[in-house]
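These notes concern the structure reproduced below.
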């Protein structure tokens, strides 16, 4: 086996038949490109995700209505319980990423976590099915007058929800990473395929979501919660079997140690040597031999001038080679890249708070409107989430098949536009969404006042479809922001910290949901204390609330967040290896166009 050095990377060139990114089979042996990975392996992962998303959104989309109608909770309490649970769902992946990267590897972490996930789903189905595990049915308009759920009811229900959340912590950060790992970054053809993977990954997610937001939501509202929760539980069980069936075709990455420990060592070593002068020549910094990286199938990274303070960690003072005093350049650069992404991560918290409104206040708004189609069919409020999905699916296809090709001609970038530019477009759309939501709610409240429905909280004589624009635009925003976000954090994370990088995109959704809980609780409390006329902006009776003011506040927060995003983007430095790879693809694209333009087209 020979070892070559290309742009700071170690490339093993024993044979072009084998992958060069260090991927192996479950026994740790090198894998043949023709036998494992690529789209064949991804097909199992993608099908798994369709069923898993059906299971997750089958629970989350309508959860606020179960909490209010069956557990008799108020609007603010139910909304906060939903966002707290969803926040936990998206925060736990950072721990699953740690276990995968440091100990078990992505495949085994995923399998263990999926069993926990299935146990949680099964217990949840049981809790909504047995009469002894829920309070008696109540038809009062004001749910706060109904009998409250007992401690046992809540313990079983929330125990199931948070067991489920624990399981998703190990599945979410690893399943998309396993899919992306099926393409070799050091093979230009496979690298180009990976550029489309995340678009189609999100496409598969929203097929499952579409089913959940239409069929499952309708079943829950009109047939029963037992079948409505039982079907996604069966779907999850089926998805796990499908994933397992693809085992012979997967490529795997070996665990590379705790990313948190590796990063902590760099930071501690830099602080302990704060008065050490960094040499001007990067060659004077401490680094391991090429053979050491080749032996462990890892990537070596050259030193960069950004976050120069951390370079102190790889200055060899000769006093000690302790890992908490001296770190190789590659380890320092990996730490830099994970830290460089944090400001971008922070800029995604506010838009994630907007996403939280889909399954909470947007759905609650729908319950106040006319949902009838014809004489016999009533639209479940949560089913409007299907329009988020449809909009997302349509936009992803248009983006991947048309927008990218048009922009490639203008920018000569293989992606059409950069990932950060794509995220920025999504942020702008989020501002538009909240402005439209504000105007729509203002109109709904005026109609409720005209018909004397403020005090009794009666149904407002407006079609539920007046909410359609904010749902459709939310899907459009996701096609830009959410797809770009997951690809950006995977793409920019070092090779040894891919699961942790992927968990960044999920962490933003988790913190966004917790932020939603904080903002909603704070606004509710403050406005109740200082508003004698309306007794608060968000009440159980939405006709007597001022949800329009709340949406206006969210629009302002989105605008301020966009300014913050533009500032951090200006100073962001892309990972060098990725930049080189993109440049290589861009050159190939340019050469291909030149060949086509120089071809002689025969005349008829």
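Glycine too: its Cβ is placed from the backbone N, Cα and C atoms.
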- Range annotated as transmembrane segment in TrEMBL, from 82-100, 139-157, 158-176: 82-100
- Answer with yes or no whether the transmembrane segment (382-399) touches the transmembrane segment (198-219) by the criterion of at least three Cβ pairs under 8 A, sequence separation 6 or more. yes
- Query: For the transmembrane segment (231-250) against the transmembrane segment (341-362), do we get 3 or more Cβ-Cβ pairs below 8 Å once near-sequence pairs (under 6 apart) are dropped?
  - Reply: no
- Stretch among 106-126, 382-399, 419-440, 502-523, 549-573 sharing the most Cβ pairs under 8 Å with the transmembrane segment (82-100): 502-523
- Best-packed against the transmembrane segment (419-440), counting Cβ pairs under 8 Å over 106-126, 460-481, 502-523, 549-573, is stretch 460-481
- Message: Are there residues at least six beyond either end of the transmembrane segment (502-523) with Cβ under 8 Å to its Cβ atoms? List them, or say none.
- Response: 76, 79-80, 83-84, 86-94, 96-97, 172-174, 176-177, 341, 345, 348-357, 360, 482, 485-486, 488-490, 493, 537-538, 550, 553-554, 557
